[in-house]
Amino acid sequence: MALLEIIHYPSKILRTISKEVVSFDSKLHQQLDDMHETMIASEGIGLAAIQVGLPLRMLIINLPQEDGVQHKEDCLEIINPKWIETKGSMMYKEGCLSVPGFYEEVERFEKVKIEYQNRFAEVKILEASELLAVAIQHEIDHLNGVLFVDKLSILKRKKFEKELKELQKKQKRE
């Protein structure tokens with residue numbers, strides 16, 4: 001397994017609309033394993049393939065258990081997701097491995113239902129609510145070239161851009 005480089009905002013790569021996965025082979029399995037290792041090493045709960053430069057419609061989500069540990073066997077590998085149903089609305093404070101250090105409330109659906117394939121091309125149905133529903137929406141947005149900061153109000157977006165510039169200036173001085 002290998003750690004992959006996470007692409008950061010404002011890279012144009014993150015705006016890529018990812019392509020459907022058609023080959024469910026050992027290369028795909030390796031990419032999923034590398035994505036999981038990268039996500040865990042980066043202390044994330046979700047990662048879309050485009051965030052590591054792979055323009056493929058696949059993502060992983062691994063929520064921690066009550067003991068705070070993320071177990072690999074609990075990792076959801078979601079390939080070629082399709083929306084079936086969305087319900088309700090809620091606000092959730094989100095962050096992103098591609099936008100490090102910035103967290104903001106975003107409006108999301110309260111419940112979602114998707115169809116997807118696993119690493120063996122088996123079709124699955126998943127219903128989710130709360131944090132899992134938020135993570136699914138966040139990661140599927142990545143597959144469509146959308147970042148959570150795109151969903152902010154104009155005022156919050158300006159605040160984000162200002163904080164980003166300050167962070168970039170600080171990094172240049174170091």
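Note: Cβ is positioned from N, Cα and C throughout, glycine not excepted.
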Swiss-Prot has HIS138, HIS142 down as binding Fe cation; which of CYS75, CYS96 does it also list for that site?
CYS96
Long-range neighbours only, meaning 6 or more apart in sequence with Cβ under 8 Å: which ones does HIS138 (Fe cation binding site) have?
GLY46, GLU94, CYS96, ARG108, PHE148
For GLU139 (active site), what is the tally of other C-beta atoms lying within 10 angstroms of its C-beta?
24
Note the Cβ centroid of CYS96, HIS138, HIS142, the recorded Fe cation site, then list each other residue of that chain whose Cβ lies within 8 Å of it, in sequence.
GLY46, ALA48, GLN51, GLU94, LEU97, SER98, GLU139, ASP141, LEU147, PHE148
